Amino acid sequence: MAPLQAPLSSMVFYLLLLILIHRPTLVTADGRGLLGLGKWLYKPFCAHACRAVIKDSTVLCEPRFAPVHDNHLHRASSISFPVVSLHSASSNLRHSHGGPHAIQECLLTDSAFLRTLALCIAKRCPRDGVTIPVIEEYWYGHIATGTIGNWEVHPLMSYQEALRNAQDDVERVGEGSVPYVRKGKSLNATSFIRKEDWVLEYNARRHLERSERDHGRNAISIAITSVFLPVLLSVLRLLPRRPLWYSRLAASLEQPLVGRRHRTPIADLAIMPTRGQALYIAYLIAAQVFFCTFPLVYVHPNSLVPTRKQHFFLVIGDRTGVIAVANLLGLLVFSSRNNILLWITNWRHSTFLLIHRWIGYFLILEVSIHSLLLFLLHLDEHAIESRQPPWIWGVVGSLAFLLLFPTSILPIRKRVYELFLVFHQVFAALALVATFLHIYHLYRYAWGYEIWVYVGGGVWFLDRMFRFVRIASNGRRRAIVSAVDEDAEYLRLEIQGVATEGHVYLYFPMLSWKFWENHPYSVLSSFVSVGESRGGGNNDKAEKVSVSTHSLEPPRTNPRTTLLVKTMDGFTRTLAGRVRASPSHRITLGVLVESNYHSNLATRNLSRCSSLLCIAGGVGITACLPLIRTFGGVHSRLVWGVRSGALVRELESELGTLRTRGVELETSVGKRVNVRDTVREEMEREGDTGDLGVVVCGPNSMADEVRAAVAEFGTKGGRGVVLVDEGFSW
């Protein structure tokens, strides 16, 4: 999956934010935070089990209040994700407790209920070492409402008073004459609770508490390690001086996992990850499988699930839902443009997008497993459950996530990129809203599952906010678009009044009705002289290729960004058509500039190199120009393969400036560059023992050839090598 785009996604998200922050009421649950980290379900187990046995009993009272919904055994499940399931427990535990008589006022005032409960607690809780203060806290907060506490209403008598009265009743009639509770039947006198009935409820609650704790902790582990493991893996780059073994290891990890193609799609369906990327993906696979599956603990007998098969369906179904919603953090972090992890790790943005897609695959798979297992558990109740809001929003969320997969595969992204962006952002927002509503209708705000939606939504919101700030800081600008050659195969864009660097996203709201579209372009921006007209270009491997370059700063300067764009399908074809239709082959358009970004912060590693080799193809030349200009080593070499002589003429002034600075230049017009020999020559250059920086920016096939050459010579040469692939792809 690809990153969601602004500004349309921003408007959708603002609506989402209003929904998420609307919290008219707060439900008081035990603890704070998430289940497994700050919240708990049953404290103490023994008391909750006692209440569970008698909660459906008919009591003698005429209530004035409305029935209370108890969230049963925390609906006997922990799933907080949009799925085709309302609950995850057996039918006897799924529904809100209490029939027409088990209502709040009755439970708080009925003497038989309170005395029976007190007797059970006094008999069963000492074995767990439960203290009187803990029992009293439970007594005042949970008698009427069960799992979720409510300390605003209090029972008719205290625990100690109820126990004394119950003991008096037992002493008065004799222990042998005290009746036993029959679940679901009338409770009109102080009664005993059979051990076998209590054990069923006790085991169920103890098992569920442990399962929920494991779900929560596993979810936190997945979220934290997925996001911060790249930081740990990047520590070695902070070494003050890289040893040769590290350079060879890095060169080896930069190679494709299988074959020799990384940038070139395999069968036009997928990108082969590098060995380093594959190691991280392998960790993600292992972690997702492990944390979705283990630990598995079965407790028998229990009132929750009667069979081992149903138990495993319940636990894995619940856990995949929790893990899936926790994956929202990594999913949205790695899709963000404004990502501090890019600066910390030095990883390429394209690597982050690859991780984003893989986490998305796991999330969709987990939603599917969650939906299927819980659907099978509640197949008998489908006719009733399917009409409930949690079920409905679960279905909506599940389908929204599922539809993101087929519409996000590489062929779709390449052929209908603009349509893909719109569909992706709308359905991702729909899935996030449905997730929240699914959780809300199940638990309100009781158990903290909504926190994952807040965290994921917060990441999305911050990214969009920073995008807006970047656009606003540049203001509305005018772009002068002209043809470089007669066929308008290459376009020149000049944006006055703004200086940029790295790469930028451009919005042309007046070019078509799709005003939200934005397209990335790698750029170099500096101050250029008033009246200066020469420029250069860079490379965007997403759907178009673009560049920006500026001449050296003269005495009088104005900020200006110049880009060279190669005409391809989609947006650039529309732009080229407008230019060709103009008699002067020159048009002016309003533009919004979102800057500045750096797609590959690994270029900072070039400062450690003594020599630099840049290999460029086509308009990829200008990704290399700023690096060569700022390189402080002893030797620089630029090898440029280009089909059109018009590009060479367009950049003649920049190339001339580099020649005067002693840069070795080789230009090949209409001929293929011998990449392997070029890399070998630089690796074997006599008199230079420092690290060699190799930068490639060009067609996919050229980048793959350079990568293979670096692997061949860099892993066995006598000097270190730093590979920087300036490709930018979605």
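Placed from the backbone N, Cα and C atoms, the Cβ positions cover glycine too.
Keep in mind it's a predicted model, so treat the numbers as computed, not measured.
Annotation source TrEMBL lists domain 'Ferric oxidoreductase' at 320-434. Marked as region 'Disordered' by TrEMBL: 536-559. Annotated signal peptide per TrEMBL: 1-29, in sequence order. The transmembrane segment feature in TrEMBL is assigned to 219-239, 278-299, 311-334, 358-379, 391-412, 419-439, 451-469.
Counted over residue pairs separated by six or more positions, the transmembrane segment (219-239) shares fewer than 3 Cβ pairs under 8 angstroms with the transmembrane segment (391-412), which leaves the two as not touching. At the 8 Å Cβ cutoff, the transmembrane segment (311-334) and the transmembrane segment (391-412) share fewer than 3 close pairs (sequence separation 6 or more) and do not count as touching. Confidence over the domain 'Ferric oxidoreductase' (320-434), given as mean pLDDT on the 0 to 100 scale, stands at 95.
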